[in-house]
Amino acid sequence: MNSLFKRLPRNCLAATRRSSRRRLHTQPQPHPLLATFSRLCVEGPFPAALALLPDLASAGLRADPVSLTRLVKLCVRHGTASDGRLIHRHVAAHGALPHGGGGGGLVVSNSLVSMYVKFGLLDDALRLFDGIPERNVVTWTTVVSALANADGRKEEALRFLVAMRRDGVAPNAYTFSSVLGACGTLGVLASMHASTVKVGLDSDVFVRSSLIDAYMKLGDLDGGRSVFDEMVTGDSVVWNSIIAGFAQSGDGAGAMELFMRMKGAGFSANQGALTSVLRACTGMVMLEVGRQVHAHVLKYEKDLILHNALLDMYCKCGSLQDADALFRRMPQRDVISWSTMISGLAQNGRSTEALRVFDLMKSEGVAPTRITLVGVLFACSHAGLVEDGWYYFKSMEKLFSIRPEKEHHNCMVDLLGRAGKLDEALKFIHEMSLDPDSVIWRTLLGACRMHKNANLAAYAAREILKLEPGDQGARILLSNTYADLRQWTDAEKSWKAMRDRGMKKEPGRSWIELEKQVHVFIAGDLSHPCSDSIVQELNRLIGRISALGYVPQTEFVLQDLPIEQKEDLLKYHSEKLAIAFGTMHAKEGKPIRIMKNLRICGDCHAFAKLVSKSEGKVVIIRDPVRFHHFQDGACSCGDYW
């Protein structure tokens, strides 16, 4: 018995060897063409693999599904749409591969559908899709996603999603992530949101991120924030989505608050979120926060888009020293970089430098765009350089092959209007090759108010109202023009017309950043928690600058009131409240930076100049159009604004 057990392993091993030899002798060897084709589909080159298809067809050979799928992927990476159609014809010529039971046909069909989508041939993809006998979630999701991302076919994507579910195929997280952006109304989005909850995919990070994006794009910030707040744990993808959504929707404060929370939670921002936050800093003039974001940008040393956003932030926050330092250090600069610097210098009252940078840009061989020329004309306009402005405008097409568009014509109207050449500006508008729009007429109307030309102002206002009957700004500017001229009866008629239409003048607002918080001040509103201290500081400042010759310029109060009431109204203009708050909290060597929603009035301009002298502080005020840098009793605008 013992000897038998000793022999068994040897006998078993011999039997195994004989069996293996029999299988090796009976297993068919792959055709050499197929073996070569399979290897080329893995290793390439793609043209060599593609060239074997006719040989395979001549030999009556059919490639296996794995090799065909690999060939399609190679085609997407290295081939053309024509090559893809050639592969499709080869597959179709041999009859459909089995789509079930592991036949591999569905995998090949899915790869071909995806290939057509990636080549931008959506209709070809849909024709192939219609002929597939059995479709799985990959097949459906590929076409749903493609339709959702195609212009004008978003409703079709939603219809395909319905058909997918009727076909008994359950959408996955990627399907929902793709189609949520196709929802055109909040009602459709709410229904789709409910579907994700029903199938338990609402907690998927990509679905949740897409939900947030969809709510934001439809303007429902609360809906997007609600989806975000329901998350059990944060994720960098979702953090970045909601920050970008708030910034793009114009809620800079919300974007900043979320960015701070994300940093506190230990997540890092990606390039998209950093760009969004920089734009929020730009809109809110939050320079100190922007400088903190700059530290994160250092990780993306060669990201030109991010550096351009950072440059724009510094320019539009009035920190030209930072902007200039960044511009000089940028590893690469494109036309956007140059244009941003030119516009930034012009908006900050440094028009001559802006034109020098434009000359340097040309000397380095960078071709200007229409945006560049808008910045150049803006520089001329805000420095009263009428001859230079005419030269650049007339030479645009000849020197740079740029045909003047409405923005350039508007700059010329602004240039002539600011210079007091109102008749020349009107003649320019009438002789334009383009039809003047309400923006151009509004520019002329603003110049009429500046130079107190009521007759031409009334004409410009009528032209605006022909184009935009509901325009509120035109009526306000016209009424203010009448008030400037003390034509109170005409001013009252305009105000009454606005009241009858339920219109209200936008109050002056100014805001200032302090310790990463934004403090907002409204003209005549003393509801700020520090109002008592602010009024006390304001009185102190008025006392100091009165000794330097300050006298309230009551002509800037556009109401027929006693002189004392006019002085009281002037005293509590929003920028004066913001300046007083700024001087209370000013730090040595740091300028006071203020943002304003309306053009600064002449009295506040004089106030800021004298405060900069009496307090030895730099005061920077940004209105909707430009910056005013007040220092030592002077303004960068040269009193030309």
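The backbone N, Cα and C atoms fix where each Cβ goes, and this holds for glycine too.
Here is what TrEMBL records for this protein:
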DOMAIN    549-641  domain 'DYW'
REPEAT    136-171  repeat 'PPR'
REPEAT    235-269  repeat 'PPR'
REPEAT    303-333  repeat 'PPR'
REPEAT    334-368  repeat 'PPR'
Integer average pLDDT (0 to 100) for the repeat 'PPR' (235-269):
81
State the non-local partners of the repeat 'PPR' (136-171) in its own chain: residues 6+ outside its ends, Cβ under 8 Å from one of its Cβ atoms.
106, 109-110, 113-114, 117, 122, 125-126, 129, 178-179, 181-184, 188, 195, 199, 201
Residue counts in helix (H, G, I), strand (E, B) and coil for the repeat 'PPR' (334-368), per DSSP?
26 helix, 0 strand, 9 coil
Cβ-Cβ under 8 Å with the repeat 'PPR' (334-368): same-chain residues at least 6 beyond its ends:
304, 307-308, 311-312, 314-316, 318, 320, 323-324, 327, 374-376, 378-380, 382-383, 385, 388, 400, 402, 625-629, 635-638
Please spell out the DSSP helix, strand and coil residue counts for the repeat 'PPR' (303-333).
23 helix, 0 strand, 8 coil
Mind tallying the domain 'DYW' (549-641) by DSSP state, helix then strand then coil?
37 helix, 16 strand, 40 coil
